[in-house]
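What follows is a single structure, written as structure tokens, with notes after it.
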Amino acid sequence: MAENHCELLPPAPSGLGAGLGGGLCRRCSAGIGALAQRPSGVSKWVRLNVGGTYFLTTRQTLCRDPKSFLYRLCQADPDLDSDKDETGAYLIDRDPTYFGPVLNYLRHGKLVINRDLAEEGVLEEAEFYNITSLIKLVKDKIRERDSKTSQMPVKHVYRVLQCQEEELTQMVSTMSDGWKFEQLVSIGSSYNYGNEDQAEFLCVVSKELHNTPYGTTSEPSEKAKILQERGSRM
């Protein structure tokens, strides 16, 4: 088994290194030199106040991208207008919900976005903090998502609604929520005692069913709910 030996340096001149007990090995000398180069009073940890939410991370994490806003913040760039709160945390007026994916990307280099967050929101933050590699990654993810969505077959929802002639105008006004007429079928007249006959129709309407990236459909609007209620009463 190989043995490690320290190679001693020549004793320091009088007055230099007197408190270190004479000559030092090269390895120990290099370690002491590295410690001497670290600025005194500078902590390894950095506290951020992003939109009222606190984040604690290391300078090494924030300095991953030398061109980013966070790198300049850690370097105390005089051209960067930054303030601190009463706890000493850097104040950043941004959405803390979307800062989480940005910070985690700097920590481990992977983009992880929760299902309740939009890729466009993460892209907005990546551009604000000027993290070029993250910007490219999110844009690629958005293109991939849009490509999958465009390749999905279009589905339609159909409703058959019964209405009288005088209700047709109101029916038309409810079509602006993506619903459109497919067919109008006359089914004769309804007999109202003492009143004129009212022509009745069956209205066939349809709407495209859009899927979200996670396979769920969007919630129907108020107009869509009205149409669905009319169809269910038939």
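Heads up, the Cβ atoms here are built off N, Cα and C, so glycines get one too.
Look at Swiss-Prot and you will find 220-234 tagged as compositional bias 'Basic and acidic residues'.
Annotation source Swiss-Prot lists domain 'BTB' at 44-146.
Under the heading N-acetylalanine, Swiss-Prot lists Ala2, citing similarity to another entry as support.
Here Swiss-Prot flags 213-234 as region 'Disordered'.
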Exercise for the section: Check the domain 'BTB' (44-146) for me and report the mean pLDDT. Expected result: 93
Practice task
Work out, from DSSP, the number of helix, strand and coil residues along the domain 'BTB' (44-146).
Solution key: 49 helix, 16 strand, 38 coil
